[in-house]
Amino acid sequence: MPVKLSVNLNAVAMLRNRRDLPWPSVTALGRIALGAGAHGLTVHPRPDQRHIRFSDLPHIRALIDDEFPDREFNIEGYPSEDFLRLVEETQPEQVTLVPDDPSQATSDHGWQFQEHERFLAAAVGRLKRRGFRVSLFADPDADEAALAVAKAVGADRVELYTGPYGACYDDAEKAAKELRKLEKTAKTAQGLGLAVNAGHDLTVANLPALVEHVPSLAEVSIGHALTADALEYGMAETVRRYLSACEA
């Protein structure tokens with residue numbers, strides 16, 4: 001099956017929040033992305049609401065329910081009590097749990113699964129009882145023991161952190177090394193019964209090689225690069241380009 005594309009709207013929200021104005025509209029840009037073929041929308045609401053605001057979530061939920069009922073809403077975040085309540089209110093199809101400190105600019109490392117096993121088991125169990133698919137953020141070189149914990153706590157998927165790959169893409173030797181890590185980790189996860197997502201610093205240029213090396217990839221979530229490209233090419237054309245890259 002082709003890799004699914006979930007468009008992360010955080011960068012759109014950050015641009016909006018530079019001024020006390022209602023535009024660019026997160027919902028309107030989400031509608032364009034879905035209309036161009038994106039399979040879903042992703043947001044990462046942080047406690048300080050510096051990009052996505054809590055008030056955005058019901059509007060995105062309604063957009064998908066009313067106009068694109070075959071698409072998915074993915075909410076990322078650290079599983080604090082406030083976050084879990086927000087998710088339960090919004091009812092996304094997928095919840096991606098990340099080990100971020102609230103002050104971080106972006107997610108930049110995966111879970112230490114053995115260290116946080118009990119904590120994750122409680123959070124994942126709570127979400128699964130509500131019927132959500134749960135993905136856990138994982139380092140690109142997470143080993144079998146770590147991934148086995150992800151499976152044991154009830155996760156459906158892991159999202160592989162692709163930041164190191166994106167950072168060295170212009171260096172063929174380093175990029176090849178990172179791809180081998182991702183390929184190995186994805187195969188291990190799949191062998192344990194975990195589906196595999198990926199995200200962070202993915203671009204229309206580096207996506208095809210990732211898809212080639214990780215054929216089991218279920219979904220990528222892309223925000224910063226896609227939004228930057230949308231400033232030049234428009235959201236609809238940019239989404240079409242990323243969808244083509246997912247099929248390369």
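Quick reminder: no glycine exception, Cβ is built from N, Cα and C everywhere.
Here's what Swiss-Prot has on this protein:
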type	residues	note
BINDING	N8, R19, D201, G223, H224	3-amino-2-oxopropyl phosphate binding site
ACT_SITE	H44	active site, proton acceptor
ACT_SITE	E76	active site, proton acceptor
SITE	E159	site 'Transition state stabilizer'
ACT_SITE	H200	active site, proton donor
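Distribution of Swiss-Prot features across the structure.
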| residue | record | Cβ within 10 Å |
| --- | --- | --- |
| N8 | 3-amino-2-oxopropyl phosphate binding site | 27 |
| R19 | 3-amino-2-oxopropyl phosphate binding site | 8 |
| H44 | active site, proton acceptor | 22 |
| E76 | active site, proton acceptor | 26 |
| E159 | site 'Transition state stabilizer' | 28 |
| H200 | active site, proton donor | 25 |
| D201 | 3-amino-2-oxopropyl phosphate binding site | 19 |
| G223 | 3-amino-2-oxopropyl phosphate binding site | 25 |
| H224 | 3-amino-2-oxopropyl phosphate binding site | 17 |
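The CA atom of H44 (active site, proton acceptor) is located 12 Å away from the CA atom of H224 (3-amino-2-oxopropyl phosphate binding site). The subset of recorded positions (E76, E159, H200) lying with their Cα within 10 Å of the Cα of G223 (3-amino-2-oxopropyl phosphate binding site) consists of H200, given in sequence order.
Between the C-alpha atoms of H224 (3-amino-2-oxopropyl phosphate binding site) and the residue listed as 'active site, proton donor', the distance comes to 8 Å. In the three-state DSSP scheme, N8 (3-amino-2-oxopropyl phosphate binding site) is classed as strand. When the Cα atoms are compared, N8 (3-amino-2-oxopropyl phosphate binding site) and E76 (active site, proton acceptor) turn out to be 10 Å apart. Following the DSSP three-state reduction, the secondary structure of E159 (site 'Transition state stabilizer') is strand. DSSP assigns H224 (3-amino-2-oxopropyl phosphate binding site) to a helix in the three-state reduction. Rounded to a whole value, the Cα-Cα separation of R19 (3-amino-2-oxopropyl phosphate binding site) and E76 (active site, proton acceptor) is 25 Å.
Pairwise Cα distances among N8, R19, D201, G223, H224, the recorded 3-amino-2-oxopropyl phosphate-binding residues, top out at 26 Å.
Across the structure, D201 (3-amino-2-oxopropyl phosphate binding site) and E76 (active site, proton acceptor) place their CA atoms 16 angstrom apart. The CA atom of E76 (active site, proton acceptor) is located 13 Å away from the CA atom of H200 (active site, proton donor).
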